[in-house]
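Undergrad: One structure coming up, written as structure tokens, with questions to follow.
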Amino acid sequence: MVVFCLKLLGLLAAPKAQMCHKTKAETGPSSAQKTCEGKRGQMTDDTWGTIQQDLLKTVGQNNFKTWIEPVNFSELKDGVATFHVPTNFIGNYVSQNYGDLILHQMTQNGADVQRMQFKVGAKTPATRPAPAASMKKTSTAAGVAAASDSADMGMTGAPLDARFTFDSFVVGKPNELANAAARRVGEGGPVTFNPLFLYGGVGLGKTHLMHAIAWELQAQRPDLNVLYLSAEQFMYRFVQALRDRKMMDFKELFRSVDVLMVDDVQFIAGKDSTQEEFFHTFNALVDQNKQIIISADRAPGEIKDLEDRIKSRLQCGLVVDLHPTDYELRLGILQTKVDTYRAQYPELQLQDGVLEFLAHRISTNVRVLEGALTRLFAFASLVGREITMELTQDCLSDVLRASERKVSVEEIQRKVAEHYNIRLSDMIGPKRVRTFARPRQVAMYLCKKLTSRSLPEIGRRFGGRDHTTVMHGVRRIEELRTSDGQIAEDLELLRRTLEA
Ligand SMILES: Nc1ncnc2c1ncn2[C@@H]1O[C@H](COP(=O)(O)OP(=O)(O)OP(=O)(O)O)[C@@H](O)[C@H]1O
């Protein structure tokens, strides 16, 4: 029988980051290990305490404090040992580096353990549940699959991450509209725009905002049935219902929600029958004036292999995008994160200028930015040193290298030509009319600012022009940037597109 209870509270059981540590022990402890067991399968907090003491001896004080101490044993059930960890990063690190060791110690202490999983969150959930996994992000940095939440979630939605709330979402110019729209929908008032369509590049906060809306709806309108799931999960449910001949149940379930939230809708592109079902679900809910919230990595019209009728439906409501982060937003996010880290690592000193440096240098997505900061704090704590510029460059050299801008002259020429709606050949060609000359100068200016090419090199790429022509062009745009609002706006937009 299908479970009809979609109340958000019922959807919140599984963790955000379940990291299964599968090792050779998955096939069962060795016979030698089995013989040394006392009470088979027993494992208590005390046993974990004993194991921790053993681990302390093996890994040393510093590693122990950083990695093992924050790990809390939760339960051992059906051969699966569950631990709670404060962050994904710690869970992944422990799983990768100490997984075998912990498993070994547990077996030595008589525990019948075959597998371990690390869940982010406190051991005993407070009013809010422990951070939970969304179906779409099932793999972890440890390269292991998430636990089988997909198998046992029945017909409920994906759990929510307790960290993804409006309170923890830092608002800046690039995301203020998306944030305002999300907040409005989160109030659960009369449906004004349907659907709300949020889109943006990787790691810019789409999922964070979706979860924040769901949390807010839960607080403001506990009477509503809210269903949050990824498009992948929607497809999974659909296929399962087809297989089990339970399509009526499936339809009824999806049509009985008050708010349907589907994350990463681009996933269903090219999947014909899933699209068809999604289309019918969508229409049925809109007809009943039920709120739909969708996220995707691009605008509806730009999702390839998505049927036109779906594209047009998705465009019917409010379409808002999360722009690539700017420097101020990145700095704001870093400062907010640092405040939380200070509680976790009170002894750590952070030199002035480090956050500004990171906000300047890491211009990719927020996930990368967060990851860099987490690594930096963990590293500084391990080596017991102040976070200086030098330590930052050492510790994050790979991230910093990967984030170096690699915009090419050709890319700039193409984007600028597109922006001003002229042909590429006219931009590079000899014509001097203003319609072509100004975009050409803008492109030269951006080449100078965003690439490491010299003036003569740039000149060569612009139809063999002399370096003095390039210099003149760059200077002219520099002047116009302060006196002509339109040029300033064009430059900002182009720079953002090129750096995205
Ligand atoms: N404005 C913000 N304030 C605070 N944290 C943010 C912000 N934007 C993104 N983040 C954080 O960055 C990480 C990535 O965000 P999220 O998962 O929401 O990205 P996404 O847009 O869904 O990416 P993807 O396309 O990969 O699914 C999350 O940890 C999220 O909390």
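Easy rule for this one: first residue shown is 1, then count along the chain.
Here the Cβ of each residue, glycine as well, is placed from N, Cα and C on the backbone.
Where the annotation comes from TrEMBL, it is an automatic prediction and has not been curated.
What TrEMBL records for this protein is below:
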- G203, G205, K206, T207: ATP binding site (BINDING)
- 192-322: domain 'AAA+ ATPase' (DOMAIN)
- 408-477: domain 'Chromosomal replication initiator DnaA C-terminal' (DOMAIN)
- 1-127: region 'Domain I, interacts with DnaA modulators' (REGION)
- 22-44: region 'Disordered' (REGION)
- 381-500: region 'Domain IV, binds dsDNA' (REGION)
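Could you place the listed features in the three-dimensional structure?
TA: Following the DSSP three-state reduction, the secondary structure of G203 (ATP binding site) is coil.
In the predicted model, residues of the domain 'AAA+ ATPase' (192-322) average a pLDDT of 93.
The helix, strand and coil residue counts that DSSP assigns across the region 'Domain IV, binds dsDNA' (381-500) are 89 helix, 1 strand, 30 coil.
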Undergrad: Among all protein chains shown, how many Cβ atoms are found within 10 Å of the Cβ of G203 (ATP binding site), not counting that one?
TA: 18
Undergrad: Can you name every residue in this chain, apart from G203, G205, K206, T207, with its Cβ inside 8 Å of the center of the Cβ atoms of the recorded ATP site?
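TA: Sorted by sequence, the hits are G200, V202, L204, H208, L209, S295, L322, V366, R367.
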